[in-house]
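Participant: Look at Swiss-Prot and you will find 23-43, 44-64, 78-109, 129-149, 221-241, 250-270, 273-293, 307-327, 328-348 tagged as transmembrane segment. Summarising the annotation, Swiss-Prot assigns FMN phosphoryl threonine to Thr194 and lists sequence analysis as the type of evidence.
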Amino acid sequence: MSFFIASSPHAHSRKSTPDLMKWVALCALPGLLAQTYFFGWGTLVQLILAITIALSLEALVMLFRKRPPMRALRDHSALVTAWLLAVAIPPMAPWWIITIGLLFAIVIAKHLYGGLGQNPFNPAMIAYVVLLISFPVQMTSWSAPLPLIEAGHEVAKDPVTFGDLLSLIFTGLTIDGSSLQQVRAGIDGITTATPLDAFKTGLHSGATSSEILSQPIFEGFAGVGWQWVNLAYLAGGLILLKQRVIQWHIPVGFLGALLVMSSFFSLFFPGETASPLFHLLSGATMLGAFFIATDPVSASTTIKGRILFGAIIGTLVFIIRSWGGFPDGVAFAVLLANMCVPLIDYYTKPRTYGH
């Protein structure tokens, strides 16, 4: 009698790749809703556009590689890549921004290396960095949070309607012919600066941290809107941990290193750096810690390595935010840490039993 012997590993996860990707998208919903509430419907428009483009590119590349496209589409990895890139760009960014970004993410950063499971770098972050370096104006032109405008700190002379929003994204002009620059000029106050950007600009102009934080955009812990967006992604990340979709090592390493670095410099250089709470709840901190850095393909594979990997990202995020040329450093930090993964895994691989 012959028996079928399966190859190792013999222990399998109950969750398949499509299941994991669905959980990631589901747990990112709170953050998406928070962004939509604070920054308008443009976030949802960018997401729908991104998913459509990403799935189309995924299918075309698979056909070009003479492989069945439906198998790749069913793993939902392209959907997650589109999701992460869509929430990282300004809601009013023109349609070609997300298109160029997804071309880099799907075609170059993913399939050029062999497809799912073969890419050494996070595809969404590759796309984001390419866009940020190539089109800095479009990628840093965030609108003011809607509650800040409604509170009267910034007065919109001609509010942007949903029709104007769609027209701006796809044609570059509103229905009545106004450009995005003219729309922003119609709002008095800080319209294109995130709290991180405003804080760094203030420091460069010679203001102290306390003077900068007195501006209306910094109301709350880490800036109007952004603190709640980060808390929403934190809630989604905790669900991912509870469902064992991700492990705790990378988020703890990331947030722990960022907390230690910001606490140290806030204690000894209080007028030159933001508070730890500001760093934890501003920018893409929670999105990066739970949804980006935890990419199982491009992250470290050992337990000690994952903690070190997260700590490297957290440290680099603080360094780039404090002394770099860009307001936030999550994307650059993740890619630099991706480069270190082979070295991290080599020196943190577990000792073989008996040796």
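Placement of Cβ uses the backbone N, Cα and C atoms for every residue, glycine included.
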Participant: Starting from the Cβ of the residue listed as 'FMN phosphoryl threonine', draw a 10 Å sphere and report how many other Cβ atoms land inside it.
Facilitator: 23
Participant: Sequence-remote contacts (6 or more beyond its ends) of the transmembrane segment (44-64), Cβ cut-off under 8 Å?
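Facilitator: For the transmembrane segment (44-64), the far contacts come to 32, 36, 71-73, 78-79, 81-83, 85-87, 89, 91, 93, 95, 98-99, 102-103, 105-107, 111, 165-166, 169.
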Participant: Report, as numbers and ranges, which residues of the same chain sit near the transmembrane segment (273-293): CB under 8 Å and 6 or more residues beyond its ends.
Facilitator: 24, 27-28, 31, 84, 87-88, 122, 124-125, 194-196, 199, 209, 213, 221-223, 226-227, 230-231, 233-234, 236-237, 240-241, 246, 250-251, 254-255, 258-259, 262-263, 265-266, 299, 309-310, 313, 317-318, 321-322, 327-328, 330-331, 333-334, 337
Participant: Compare 23-43, 221-241, 328-348 by their Cβ pairs under 8 Å to the transmembrane segment (78-109) and return the stretch that comes out on top.
Facilitator: 23-43
Participant: What else in the chain is close to the transmembrane segment (307-327), if you only count residues 6 or more beyond its ends and a Cβ gap under 8 Å?
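Facilitator: Sequence-remote neighbours of the transmembrane segment (307-327) are 132, 140, 194, 196-197, 200, 249-259, 261-262, 265, 273, 279, 283, 285, 288-289, 293, 299-300, 333-334, 336-337, 340-341, 344, 348.
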Participant: Could you say whether, by DSSP, Thr194 (FMN phosphoryl threonine) belongs to a helix, a strand or a coil region?
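Facilitator: Where Thr194 (FMN phosphoryl threonine) sits, the three-state DSSP reduction gives coil.
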